[in-house]
């Protein structure tokens with residue numbers, strides 16, 4: 001008879017009977033009683049009262065009985081911790097039993113009893129089992145360490161179990177290795193910063209050897225561990241890939257996906273021109289295709305992972321399009337996922353068969369699937385330009401079916417096709433207008449309104465069409481209301497005489513009758529634009545629109561990299577990083593792919609803060625990372641600079657010391673006064689440099705802001721780039737700002753041309769900068785001493801200091817500026833040549849230059865080629881000296897002059913260069929060495945700018 005009989009009895013007074021049976025002398029009766037107890041426990045009855053009686057049954061040679069008692073113990077030890085201590089002696093005894101199965105069973109149960117009182121008694125038996133002669137006991141003990149760590153992490157560390165676990169990675173038995181790796185990985189997850197799995201080539205070799213002989217779950221543990229390793233070079237990467245590739249043919253899909261994860265990660269390090277790289281791409285396709293022949297749930301997981309793989313490396317599956325064609329009996333979730341991958345793999349080579357498939361899908365009965373299929377046709381048109389015409393005709397065929405939801409989806413995607421290919425397919429507009437009355441979904445109505453507004457000049461009755469939408473304006477969704485407002489304004493700008501009433505009606509509805517803030521704001525903006533400057537309104541509303549990109553739903557690259565590192569886990573199914581759905585400390589460790597061989601990229605940011613060997617300057621600035629860029633710009637504080645003693649930054653309201661060493665250390669210790677950092681853009685230097693000849697400022701208010709005497713005139717020095725337009729008039733209510741930067745006699749200047757293209761006079765000018773990479777800030781107010789009349793241009797020179805707040809910008813030389821006048825505050829950004837920051841005392845001693853060059857790591861050396869340069873080395877040297885690039889030494893070898901040069905930036909960073917000039921060759925080679933390697937690219941740009949102008 002089977003054990004099911006134990007679950008059928010529900011007698012009263014059973015506990016007393018069981019108690020008697022448990023204390024029976026007969027072994028069989030005892031075993032039967034324990035089985036009954038476990039059955040009662042399983043169905044939810046409370047049998048904790050029998051704890052002492054069951055524990056007494058532990059001392060038996062019968063393995064089956066022992067397993068049952070241990071099962072009971074695991075369940076009730078937590079509620080009866082004092083009683084559970086009674087079992088400790090038996091555990092200790094069982095850990096020394098001659099039968100390895102009993103030893104393993106004892107150690108496994110000990111790990112499952114989560115009672116603090118017992119934990120300390122388990123250390124000695126666990127230590128013995130970790131060194132047991134039998135591999136089955138060792139592998140069980142390895143997992144027990146992870147369980148014990150979860151209960152009492154400190155105890156595990158103090159007892160040295162972690163070191164024993166690390167030793168087990170070198171064990172001769174592959175299953176012990178796999179369990180040791182699994183336990184260490186589990187522990188490492190709860191301590192992300194600990195270096196528990198200290199992976200090196202020797203360890204990796206042991207893991208790869210164990211990989212071939214493990215069980216399937218052991219292989220997954222080892223493969224997941226391998227995925228966290230970063231190989232030293234492409235040769236090691238290739239070697240690991242070769243040894244992992246056989247796992248791709250494993251029957252277990254989890255092993256396959258773990259192997260794919262390792263290969264996807266290590267492929268990053270292989271050069272693309274390597275033969276093996278191509279071979280590996282071919283080997284990855286068949287296992288992924290095989291996964292799609294499993295049951296639907298597995299197919300879905302595989303498809304979600306393939307979706308990520310295709311976004312990262314579409315070439316892997318580019319010849320496997322047919323596998324993703326939908327089958328009639330696929331569940332909807334599989335169909336939609338396959339459709340998504342089909343579009344990602346669509347190319348000129350396979351577009352014909354893809355379109356034929358999609359057209360077929362659009363006639364299916366499943367509404368969601370049909371909608372997605374119609375959208376897919378539109379996405380194909382946008383992705384593969386050669387297929388656009390065929391896609392449009394397919395969509396028109398579908399519109400002719402007059403199936404409501406098909407027509408609506410088709411109109412939505414045709415709008416996108418118009419945006420991708422303007423002035424190409426507008427002939428279909430007439431067909432679209434015929435279906436106007438059948439549209440009842442907000443997205444389709446909004447798309448149709450956009451088409452009518454955008455092509456109003458081609459549609460004779462555009463005003464009537466839009467008016468028909470206007471009748472039920474308040475019943476429309478916000479999306480439709482916004483689109484209708486814009487479309488009618490476009491129509492008015494194209495046909496002003498016929499549509500004046502219509503535009504007034506919609507503006508009145510949007511601003512006076514609506515309580516939606518977005519709609520009201522847009523209405524007011526259009527109203528003001530149209531009433532103050534119709535020309536500007538035309539430029540804004542009818543501006544040329546950027547073409548839409550082909551893949552708008554691609555996962556953002558850094559997130560994609562992280563998800564590739566989590567292939568085969570829930571993160572790859574959700575397409576979200578673990579931190580988005582795993583609570584607590586686990587799972588929030590961000591992973592990323594290694595840099596490709598030879599790319600010069602590094603996964604760690606370069607250390608900018610190391611002092612330059614041999615140079616006696618203070619440490620160069622550490623540039624803090626870019627935070628909220630507009631935050632400070634919007635906090636425009638236009639108070640004048642305060643006279644008198646400076647206030648230390650620590651005393652300023654909201655001041656923040658970015659480096660912990662005071663602002664003086666940030667700026668190299670050579671600045672007398674420090675600006676308030678917390679005030680952001682509003683902070684101006686407390687003490688103005690005397691070289692600027694600025695008189696003391698008395699009083700307050702905006703009047704004093706411009707009360708500076710003489711202008712700042714400096715002798716000509718380095719090359720000054722020509723002015724370019726930084727702020728066009730149409731973006732600043734008629735104020736146009738052009739400008740450039742110059743460095744003259746050690747003073748940095750921003751040279752501006754302000755032009756008034758509006759109809760009213762402009763006054764009360766002021767300027768502020770956002771925090772930037774090198775602390776550039778105005779050293780005084782913007783001197784516009786007379787009102788700026790319409791059509792007048794004035795030239796202004798604004799002296800700058802480098803003592804402002806610092807924040808790393810992207811790119812490094814980006815400067816965000818706010819300019820205020822009596823009309824409004826305007827924002828723009830510009831880029832300054834980094835040569836502005838090259839100081840006059842940047843000539844290094846020869847010996848110091850030599851020592852510093854050797855001291856800077858070779859990884860920080862960057863090489864560039866300057867083409868089409870026809871100067872000899874002396875002319876180049878003298879031209880560069882004008883921009884504070886100093887030649888330290890010159891050497892001539894085989895008709896090639898080598899100039900060794902040094903540059904010092906305002907924040908104390910030194911840059912060392914070697915410029916090679918070959919007689920008769922117009923291409924120079926420039927080598928740049930700097931501890932802050934992100935500066936090198938900008939130094940090269942300065943060389944090119946100075947030498948070619």
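The backbone N, Cα and C atoms fix where each Cβ goes, and this holds for glycine too.
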_region 'Disordered' per TrEMBL - which of 584-615, 616-647, 648-679, 680-711_ = 584-615
*Which residue counts does DSSP give the domain 'Beta-adaptin appendage C-terminal subdomain' (838-948) for helix, strand and coil?*
38 helix, 41 strand, 32 coil
*Find the average pLDDT over the domain 'Beta-adaptin appendage C-terminal subdomain' (838-948) in the predicted model and report it.*
87
*By DSSP, how many residues in the domain 'Clathrin adaptor alpha/beta/gamma-adaptin appendage Ig-like subdomain' (719-829) are helix, how many strand, and how many coil?*
3 helix, 55 strand, 53 coil
